[in-house]
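Noted in TrEMBL for the protein shown:
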- 385-440: domain 'Kazal-like' (DOMAIN)
- 41-62: transmembrane segment (TRANSMEM)
- 69-90: transmembrane segment (TRANSMEM)
- 138-163: transmembrane segment (TRANSMEM)
- 175-203: transmembrane segment (TRANSMEM)
- 223-247: transmembrane segment (TRANSMEM)
- 275-298: transmembrane segment (TRANSMEM)
- 310-334: transmembrane segment (TRANSMEM)
- 346-366: transmembrane segment (TRANSMEM)
Amino acid sequence: QFFVFCHGLLQLSQLLISGYLKSTISTIETRYGLSSQTTGLLTSFNEVGNTLLIVLLSYFGSRVHRPRFIGCGAILVSLAGFLMSLPHFITGRYEYDQSIASIFSNTTDLCRVDGLGAIGNVSDESCTHRTAKENHELLLIMFVAQVLRGIGGVPIQPFGISYIDDFASERNSPLYLGILFSLTVIGPGVAFMLGSAMLRFYVDIDKVTGEEIQLTNKDPRWVGAWWLGYLIAASLVAVSAVPYFFFPREMPKEVGWVKARHFPVVLLRNLRHPVYLLVVLAQVNLSAMVAGLATFMGKFLERQFSLTASFANMIIGAVNIPGAMVGIVVGGAIMKRFQMSLRQCGALCILGMFLCVVLAFPLFFLGCPTQKVAGVTYSGSSESEYHALDCNLQCNCPEKAYNPICGSDSIEYISPCYAGCEVVNIDAVKNTVLNYTYCSCILENGLPGSAKPGTCGTGCSHLLLPFVVLSCLAGILASTSHTPSFMLILRSVQPEDKSFAVGMQFMLLRVLAWMPSPVLFGSAIDTTCILWEKKCDKNAACRYYDNDLFRHR
């Protein structure tokens, strides 16, 4: 029972690191100008290190000191967590376009009829070979950290599960594994809550004073302190690793030593087992969906319902993930209560998945249309079309500017200059923008109108609650299949193959689901982008998506 407790704690803190990456994906995209395909690849890259070793290590699982191996893996995971935060400390301050001249820049992005315009703004900085190289180096550090995390994670789950299943009674084993899996699910939940908390702090909180921060976390240019959570999570993993070096090896009497030349025999024996193979393939499909959703669900909520990254993470961490945890525990409890046969386990899985699909179908239609953005998704009504075309011609606006404002006509403009705004009104005490006036592209009773800083939003927040409720219920039902499907695997293979079967299962899940899925989801999301940020004449992060396409794809 103490081992179950320790293993739950370790899995929880290990998943804190992987879940935390997912909770900060949209922030890292904004900070370093990355596409969703790139961040999807980054997310799935830890599976590379993992896949290379997991089958071999699981094969020798019952023949090595499992707890010590788990401890060493945990130390490696901890190092990877510290490495993930490194890019923040080796780069300069975060720079963004703004209307108030400041320590960052003495230029603004207002409409200047004098011909100077906003030339020389932050976003138009010359693209030197050095800046391009710097970005590649940062990505390399993150990818290496992900590979290390993958290698460190290899022994943790297969060794832990087989160790527990070897020494627990058959009656208690489903309960222990149910508890363990539910703790495993709390990990990402806590990670998203941690992400929610950290992203409320400004990214350069260690480099600038409070007075110098001119953005609020509702501003689309806001970048939160994504690196801070890694320091916390990596420290927790390091602490959780300690007890494993003191657990006994405690192996049951083995009949002789199994040589590596038997490896192909054991491999074929398991792969030819129809129950094992079909259950694993079913888990592959479910895991592919979960891996894609876990990576981009936060970003999806941010874009569809105009939420801050912090609030989107809070919803996932406080509602969706605990829902999945409830499903896992309920599945394990039903099995224990009714002492289910393998056939009944299969039936429970099918029922859970069918009901999940029924509840998830309406999510196709629950979302918001794309907001009206002048010149991007909206070209003006017929009477003012000519006006919309030439209203900011004299302003000399830089192409790359991004400082969204919401006009009094409820249309969004990508910068004050694009709306033809000539005056910015500032709150002198807080040094923040109150509003913009004399905007030639915004008409109020035939006169130049005004605008407020920030995005207009999608304006359908009433759909958020039904979306969250339905997605949570669908998650609960899908999760009831988790423990019974594991039992189908553990009980259908030969006892001495257990460690290997679980390792083989995790390898197939990695190669067929966790590795390709975030990249495929990211690529699909990228195809729905309608305005890209440009860095060195290449697409960087996406500014605006077609919301309907994003939701459907």
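Quick reminder: no glycine exception, Cβ is built from N, Cα and C everywhere.
Secondary structure of the domain 'Kazal-like' (385-440), assigned with DSSP and counted as helix (H, G, I), strand (E, B) and coil, comes to 9 helix, 21 strand, 26 coil. Ranked by Cβ pairs under 8 Å to the transmembrane segment (138-163), the stretches 69-90, 175-203, 223-247, 275-298, 310-334 are led by 69-90. Outside the transmembrane segment (69-90), and at least 6 residues removed from its termini, the chain residues within Cβ reach (under 8 Å) are 7, 10, 14, 17, 21, 32, 46, 57, 138, 141-142, 144-146, 148-149, 151-156, 159-160, 203, 226-228, 230-231, 233-235, 237-238, 240-245.
Same-chain neighbours of the transmembrane segment (175-203): 4, 7-9, 11-20, 22-24, 27, 31, 88, 94, 160-161, 164-165, 168, 213, 215, 217, 222-229, 232-233, 294, 298, 308-311, 313-314, 316-318, 321-322, 324-325, 328-329, 331-333, 335-336, 479, 482-483, 486-487, counting only residues six or more beyond its ends whose CB sits under 8 Å from a CB of the stretch. Taking Cβ pairs closer than 8 Å, the transmembrane segment (310-334) reaches residues 23, 174-175, 177-179, 181-182, 185-186, 188-197, 199-200, 217, 224, 297-299, 301-302, 340, 348, 352, 468, 471-473, 475-484 in its own chain, all 6 or more past its ends. Looking at the domain 'Kazal-like' (385-440) alone, the prediction's average pLDDT is 81. Residues 19, 22-23, 25-26, 36, 39-40, 43-44, 188, 192, 195, 309, 312-313, 316, 320, 342, 349, 353, 478, 481, 485, 488-489, 492-493, 501, 504-505, 508-509, 512-514, 516-518, 520-522, 525 of the same chain, all 6+ positions outside the transmembrane segment (275-298), place their C-beta atoms under 8 angstroms from a C-beta of that stretch.
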